[in-house]
Amino acid sequence: MTTTPLKLFNSLTRQLEEFQPVHPGEARVYTCGPTVYNYPHIGNMRAYVFADVLGRTLSFKGYKLTHVINITDVGHLTDDADAGEDKMEKMAAERAQSIWDIARHYTEAYWADVKALNIRQPAQWTIATEFVPAMIDFAKSIAEKHCYELDSGLYFDVSTVADYGRLARAVTEEGEGRIDEVEGKRNAADFAIWRKTPPGEKRQMEWDSPWGRGAPGWHLECSVMSGQVLGFPFDIHTGGIDHREIHHPNEIAQNQAFCCTNGLNVPANSGANIWMHNNFLVERTGKMSKSSGEFLRLQLLIDKGYHPLAYRMMCLQAHYRSELEFSWEGLQAALVRLKRMLMAHRKWTDTLKEGRMTPGDSRERERVTNALVARFEAAVSADLNTADALTVLEETLALKGTAPECVATAASHMDWVMGLNLGHLQRTDLRLRPKAATITEAEIEAVLAQRKEARAAKDFATSDRLRDELAAQGVEVMDGDPLGWDWKLGD
Ligand SMILES: Nc1ncnc2c1ncn2[C@@H]1O[C@H](COP(=O)(O)OP(=O)(O)OP(=O)(O)O)[C@@H](O)[C@H]1O
Ligand SMILES: [Zn+2]
């Protein structure tokens, strides 16, 4: 079905580029996954909604997709630029719990959010601690030419690779956040690829290596997991925009070293051809951040009564390269938009269910369907312009006089790429129903049934009294609402 070439913004060149797969007909994508020392916040989840839309777009365009997302359960320090403590060790010490338990708990919490947001399962979740022997092998192969050992670990010498930091466009020596705290580092930007456990200390997670007992560096992990599973070079590497500054330049430096040493001298030599970054979800006070302690979890949105796909809709309304400001009003608007789409979609599928097929030429119907889908394809092919793509979906659903089969088929393709699940959601799933509410749905429905009877009998006094009783319990009855929200629960 592919007609429009797929253009993606490559952070390496800061330009839109046409997607040209390394392996014909395939797309291999690696996404930097969460560090599982805490719950993901909805900002983190924006990164995975973006990667999911990318993956769905590639599949929709006919590429055989292999998507890998990692789980970082060791090695990510509290400062991306190679200083501070391991985030996992720190949390384990604070909680007096085993790291393994912490990792399991937060990985599961992350997977629950992935599911709730209708993010597809990748081909593989790579767990960092399962790749440690491969990380040691990778480090061994580049150590002689590109690394040097200090008391605290094995360091990567960034001056040994061409054009270090080109992704960040940062000055190597004085780039942001390059804190040179380690005595003996040759360049301020050099980073540990293996961190030795200091003498007399014991880490919960440590392994033997040629450079002593210790743990791998975070940057090494992603180079190894992506290269091992997808092979260098693969097509696309994604992550949040913060990774453009330190984590990904360091991955690229390692990939260059590895590819040169191992005779994989690929043209761009960065490990991946295209590096893509989503912008931040922000709050009025600034970037939403796990490390700052307070943050919004998807579960809080659900507890307040919002369906999680309303948050997915909120993400899709903005381009992934733009900042998106979170607000409850914005979430409410996204929910209403989702509900409108659902109702419009339902009308078409009901028409089909009633068997009202359009007589006539099936070739003509195929042509109409393809023309509708082509408009949508043009939107997503323009660097994943989901905002335009949603408009095309809405306009398709609002068509009049077009054969229902054409609209329903075209809309189901579009919905699949957007991942809004219009075909399965029920109108009642989208009701605002805060967890704190004490009244049950059955109780609400019972009162509404009484009220319906009263109204049928033109007993408006009783009808109003029942309505007021519900209002006192936070239930807003919405008579005659075109969206069909018969009732909703407030906070
Ligand atoms: N506010 C945000 N909006 C969008 N993406 C974000 C935001 N914060 C982090 N990310 C992205 O989420 C993904 C997971 O990040 P990770 O689990 O490592 O979070 P973190 O860096 O520990 O958290 P934080 O930066 O919030 O302290 C990364 O791709 C990261 O770039
Ligand atoms: Zn990574």
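Glycine residues also receive a Cβ, built from the backbone N, Cα and C atoms like all the rest.
Source: prediction; values computed, not measured.
Annotation comment: TrEMBL describes 19-334 as domain 'tRNA synthetases class I catalytic'.
Just so you know, the Cβ of CYS32 (Zn(2+) binding site) picks up 24 other Cβ atoms within 10 Å once every protein chain is counted. DSSP assigns CYS32 (Zn(2+) binding site) to coil in the three-state reduction, placing it in neither a helix nor a strand. Per TrEMBL, the feature Zn(2+) binding site maps to CYS32, CYS222, HIS247, GLU251.
Annotation comment: TrEMBL describes 34-44 as motif ''HIGH' region'.
Among the features that TrEMBL reports, motif ''KMSKS' region' is placed at 287-291. Averaged across the motif ''KMSKS' region' (287-291), the predicted model reaches a pLDDT of 71.
Taken from TrEMBL, the feature ATP binding site applies to LYS290.
Among residues of the same chain six or more beyond the motif ''HIGH' region' (34-44), those with a C-beta under 8 A of the stretch's C-beta atoms are 71-73, 76, 87-88, 90-91, 102-103, 106-107, 109-110, 113, 218, 240, 280-282, 287-290, 295-299, 301, 311, 326.
A Cβ within 8 Å of the Cβ centre of CYS32, CYS222, HIS247, GLU251, the residues given for Zn(2+), is found for these other residues of the same chain: TRP218, HIS219, GLU221, SER223, SER226, HIS237, GLY239, HIS243, HIS248, ASN250. Secondary structure at GLU251 (Zn(2+) binding site), taken from DSSP and collapsed to helix, strand or coil, is helix. Residues CYS32, taken from the binding-site residues CYS32, CYS222, HIS247, GLU251, are distinguished by a CB atom under 6 angstroms from ligand 1.
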